[in-house]
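Below: the structure, in structure tokens.
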Amino acid sequence: MKIGILAVQGGVAEHERTLRQVAEKYEGKPWGDLEIVQVRRESQLEGINGLILPGGESTTMSRLLTLSGLDKVLAAALQEGLPAYGTCAGMILLASNVLDTRPDAIWLHGLDITVRRNAFGRQRDSFEADLAFHGIDEPVHATFIRAPIVEEIGSGVEVLCREPEGRIVAVHQGNVLATSFHPEVSGVTEVHELFLSMCEEAGFTYK
Ligand code: GLN
């Protein structure tokens, strides 16, 4: 299996480290041979079975994606069924509607959700919590850093996790997964494992 990490800006190394941890955990099994590639150009999507969109600053990523033309390539790939997992800014990029962003920001319409950027306010802009996560047995230790909230979901969207006040912080639709928080910062591997299972099930290879 080959997984790309969008590497125009943001927390690429944390995802790479988490995927390597998963590979180590599954040594000798198919996931033990995980190939990881950083994606900055269209040619680097070649052969990937899934793409991770990291945390960072969604408006900066948006600008860089527009400049390189990757925005259109990624939107089309998502339409074709490319499995994707976005954390925080990555979730924002995967949304179909974004509130409280810059007027020139773009997003990729991979998930039928409306997200609000920086939705936790100043006092709670960064915090951690152990959260029940649908499809994962143990509570997930979630790190929130100026995180977005999912304010609306379309009918095909499954809610996987809510923060302590009940707002939606993880969703799944088709081949796309997104979390407002950063398991890759907490050292949690289970959400990435869930994503790899989705990639396996999808059986998609980018050509
Ligand atoms: N607030 C950032 C944004 O709007 C996201 C923060 C993050 O990815 N940790 O892009």
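Note that Cβ sites are derived from N, Cα and C of the backbone, with glycine treated the same way.
Remember, TrEMBL labels are computer predictions, not curated facts.
Going through R116, R117, R124, R167 against TrEMBL, the one listed in the L-glutamine site together with G56, E57, S58, I145, R146 turns out to be R117. Among the recorded positions listed (E57, I145, E184), E57, I145 have a CB atom closer than 6 Å to some atom of ligand 1, in sequence order.
According to its DSSP assignment, I145 (L-glutamine binding site) is in a strand.
For the binding site of L-glutamine, formed by G56, E57, S58, R117, I145, R146 according to the record, the largest Cα to Cα distance is 13 Å, rounded to a whole number.
Between the C-alpha atoms of C88 (active site, nucleophile) and H182 (active site, charge relay system), the distance comes to 7 Å.
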